[in-house]
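If you check Swiss-Prot, you get these features:
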ACT_SITE  K305  active site, proton acceptor
BINDING   S187, C220, P221, G222, G223, D239, D259, D276  S-adenosyl-L-methionine binding site
Amino acid sequence: MKNLFLFCRAGYEKECAAEIQQRAAELNVGGFVKANNNDAYVVYQCFEEDGGDILVKQLPLDSLIFARQMFAASELLADLPESDRVSPIVAALSDVSKAGELRVETPDTNEAKELSAFCRKFTVPLRQHLKKSGSLLAQENPKRPIIHVCFIGPGRAYVGYSFSNNSSPYFMGIPRLKMAADAPSRSSLKLDEAFAQFVPKEEQEERVRSGMNAVDLGACPGGWTYQLVRRGMMVSAVDNGPMNEKLMETGQVKHFREDGFRFEPQRKNIYWLVCDMVEKPARVAELIEAWAINGWFKEAIFNLKLPMKSRYKEVMAILNTMQEILKENGINEFQLQCKHLYHDRDEVTVHLWIRPSQAWN
């Protein structure tokens, strides 16, 4: 297929477009971007007929900051007839064989969501016809490709496929997380989503486990501390402001009424460092770099608040600088990931894992 369809947050189409333009160029897949403000999706139109196929296979979704989900796509199917929308879609998917799942989706906008009831109903007959044509297996198979049909408006859809090992497990790339009734703030969901994004499920028992020591810089009122506590960790919560009383009653939290930028841990046995401070992103990055150089943590998750303009450029500059500084200070083995999570707004979430191949004492 010729195109790559990418889901993103509404208002971040420019950032998603700039990123895919750069990343596709690195893979020598030429093309141009089609994007409109607040559409919540971007289409990268490749010059080569198989450009979308190449990108969906060779470009890791997890390496993209602003894309929630992506799939190799056909040209837009416009003006699908109300009397028979199924046949043109089945025909457009004739090159897809034995897919393991069907997702009929929309972009994440209020206008597109009005189609969600239709999408649910439409899935049933479409699934039956795709099984008959051989594009879809009779039984779902999580190891096979996923068929995507994304309606961007009534009778207008992009169709295509993604590989299950390079795809979000969620419809539209949106995780469905529940806000706990006793969580101190909605920001709690950001860290919950970050753990799911950056730590594979099969590794969570080892890397996100009870008894670990953690530090939360800028913790008040305790949204991120809450996620650490519910996972059984012992938390040093650093903030001049007050902490949630119920969190303090758990006995797992020690509150340090200090400036997060000046705090130094008393003991050097911290596995997780987390930080969600409303501060200039470069300053937060410098703080994390200092902690890494001092050897004060093994893994960190932190948020970078984004400027109003040049957001992709700013994020990449900060991440590139961080990599350079770590290497200059003898930290040559690390994993650095960044994602604009669903529960993020004008910010991105970064994960830094120092020396992943070395066991934690």
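From the backbone N, Cα and C atoms, a Cβ is placed for every residue, glycine too.
Location within the structure of each feature annotated in Swiss-Prot.
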residue: S187; record: S-adenosyl-L-methionine binding site; Cβ neighbours (10 Å): 19
residue: C220; record: S-adenosyl-L-methionine binding site; Cβ neighbours (10 Å): 20
residue: P221; record: S-adenosyl-L-methionine binding site; Cβ neighbours (10 Å): 18
residue: G222; record: S-adenosyl-L-methionine binding site; Cβ neighbours (10 Å): 29
residue: G223; record: S-adenosyl-L-methionine binding site; Cβ neighbours (10 Å): 22
residue: D239; record: S-adenosyl-L-methionine binding site; Cβ neighbours (10 Å): 22
residue: D259; record: S-adenosyl-L-methionine binding site; Cβ neighbours (10 Å): 12
residue: D276; record: S-adenosyl-L-methionine binding site; Cβ neighbours (10 Å): 25
residue: K305; record: active site, proton acceptor; Cβ neighbours (10 Å): 16
Measuring Cα to Cα, how many angstrom lie between G222 (S-adenosyl-L-methionine binding site) and the residue listed as 'active site, proton acceptor'?
-> 19
Between D239 (S-adenosyl-L-methionine binding site) and K305 (active site, proton acceptor), what C-alpha distance do you get in Å?
-> 18
Minimum Cα separation from K305 (active site, proton acceptor), reported as the residue among binding-site residues S187, C220, G223 that achieves it = S187
